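What TrEMBL annotates here:
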type     : residues : note
TRANSMEM : 49-71    : transmembrane segment
TRANSMEM : 83-106   : transmembrane segment
TRANSMEM : 112-134  : transmembrane segment
TRANSMEM : 166-185  : transmembrane segment
TRANSMEM : 206-223  : transmembrane segment
TRANSMEM : 235-258  : transmembrane segment
TRANSMEM : 279-303  : transmembrane segment
TRANSMEM : 315-335  : transmembrane segment
TRANSMEM : 355-375  : transmembrane segment
TRANSMEM : 381-401  : transmembrane segment
Amino acid sequence: MRTLISKPKLLADWGEEYEERAAEWWELFLDLVFVAAASNTADSLKEDLSWHGLLAFFLLFSFFYSGWSFYTFHQTRYYGNSMYHLALLYFYIVGTAGMVVNSAGFEYMEGFSVAALIQRIALILMYLDAYIAIPRARIQCRVEIGTLGVSCVCLFSSILVKNKTFSIGVWIIAAISENMFYILHHIGFAHSHLVPLNIDHCAERMGCLLMVILGESVVSGVISGHNIELKSRRLAYYGAMMLTILMAFSFGLIYYAVIPPRELHAYRRSVSHGIGFVWVHWALLSSLLAMGTGVKFVVSSLIHDEQPSIERGQVYLLFFSLAISMLCIVVLRALHFWGIQPTASDPPRIRRIKYFWWAVIIVWFIIPVSLGLYFGESSTAVRPMVAMVATVPCVLGYAMFETVLTHVLDTDGFGDLKPEGLEVDNTIRVDSYHAIK
């Protein structure tokens with residue numbers, strides 16, 4: 001029952017079993033705001049495809065990603081359903097929306113800093129509420145509050161000191177503090193002093209955020225049909241739209257095939273595996289968003305240019321961001337399965353198949369890199385449809401390759417990812433990443 005004011009509750013502790021938990025409606029509502037965040041951040045890169053624009057893009061994305069992470073991991077540790085908590089959530093959403101409005105590169109730094117400051121103050125008050133109400137959570141909450149406090153100081157100083165170079169510098173400090181030092185700080189604490197998180201809920205929320213980012217590519221490909229200036233381009237536009245959806249859909253197939261059962265999840269394996277999981281998702285999501293910007297260039301050229309073509313930098317953005325995302329998938333798979341698959345009990349033939357699987361996916365990212373270099377160094381203009389046709393097999397081919405191998409393994413009776421003898425254990429282990437964030 002919702003109350004006016006009530007103490008937040010600790011959802012689970014070490015050695016306890018935790019219940020499966022679906023995303024709350026307000027988390028899904030928040031996803032809608034991050035759809036706009038993804039779109040505006042991608043647009044900022046489209047407007048300034050330069051090293052300066054790339055720096056702005058990655059800093060903007062880092063602030064959105066860390067703001068999302070702090071709230072998501074608060075939700076997976078503590079539960080509050082009072083109007084006080086919902087009021088803080090409202091101001092968190094308002095701050096996030098303000099960040100979206102001002103996410104057009106460094107030109108709107110002051111407005112973005114003000115909005116990010118509002119978002120982070122709301123987060124501090126959420127963690128302060130848990131700090132006061134749950135003595136068990138105080139060591140954990142100090143880390144969150146301290147990290148957010150450093151970020152607030154940086155953002156406030158960027159507002160006061162109206163110097164672009166200074167503001168960029170303190171933004172970098174805040175982004176590093178939130179996305180790197182915050183996690184590393186936990187290593188210095190005894191894990192039993194920290195608060196565990198819910199693996200299933202975190203994995204579900206991370207998957208939702210990935211769908212939001214992939215959705216940017218889809219949106220870029222489907223909402224511009226009414227802007228076609230030449231009717232002769234309509235067929236090409238629909239072709240690009242179909243290829244964009246196929247690419248995003250195929251990447252979803254690849255990502256969710258990597259997510260293992262709870263017992264094998266990187267969160268559960270060790271602290272270092274869990275840290276890697278969070279950092280790799282930063283790289284994966286930012287590269288997918290950059291790929292969405294590449295799709296924007298393709299669609300824009302098809303719609304508006306008399307002689308459709310994309311420039312060298314746009315070609316590199318499309319293919320190299322795809323290559324980075326494919327490499328991130330390999331690292332994710334390694335975080336979950338390296339040292340587990342193949343298993344010691346696998347027959348020699350099955351082991352050879354699995355090692356072949358590892359060998360191929362490790363080098364798969366070379367394909368989009370090679371295509372990007374080929375098209376980028378081409379002496380002739382690169383047609384947008386040719387670029388899109390070249391990107392789709394990179395993703396769909398990967399998904400089909402894995403599907404063929406998993407089909408063979410399943411036919412031979414080795415389709416189960418869990419090693420023999422691995423028992424289902426829903427308790428929270430102190431030596432796992434649950435303690436980190």
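If you go along the chain as it appears here, the first residue is 1 and each next one adds 1.
Using the three backbone atoms N, Cα and C, a Cβ is placed for every residue, glycine included.
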Same-chain residue ranges lying at least 6 outside the transmembrane segment (235-258) that approach it to Cβ under 8 Å: 207, 210-211, 214-215, 217-218, 220-222, 224-225, 228, 288, 295, 298-299, 302-303, 308, 325, 329, 332-333, 336, 384-385, 388-389, 391-392, 395-396, 398-399, 402, 406
Residues of the parent chain within Cβ reach of the transmembrane segment (206-223), under 8 Å, 6 or more residues beyond its termini: 23, 27-28, 31, 34-35, 38-39, 42, 68, 240-241, 243-245, 247-248, 251-252, 255-256, 259, 281, 284-285, 288-289, 291-292, 295-296, 299
Remote residues contacting the transmembrane segment (83-106) - C-beta distance under 8 A, at least 6 residues beyond either end: 2-6, 8, 26, 29-30, 33-34, 36-37, 40-41, 43-44, 47-48, 52-53, 56, 60, 63-64, 67, 71, 112, 114-123, 125-126, 129, 164, 167-168
Close approaches to the transmembrane segment (49-71) from elsewhere in its chain (Cβ under 8 angstroms; 6 or more beyond its ends): 30, 34, 37, 41, 92, 95-96, 99, 103, 105-106, 112, 116, 119-120, 123, 126, 144, 148, 151, 168, 171-172, 174-175, 178-179, 182, 209, 278, 282, 285-286, 289-290, 293, 313-314, 317, 437
Positions whose Cβ lies under 8 angstroms from the transmembrane segment (279-303), at least six residues beyond its ends: 38, 41-43, 45-46, 49, 57-58, 61-62, 65, 179-180, 183, 206, 209-210, 213-214, 216-217, 220-221, 224, 227-229, 233, 236-237, 240, 244, 251, 309-310, 314, 317-319, 321-322, 324-325, 328-329, 331-332, 335, 384-385, 387-388
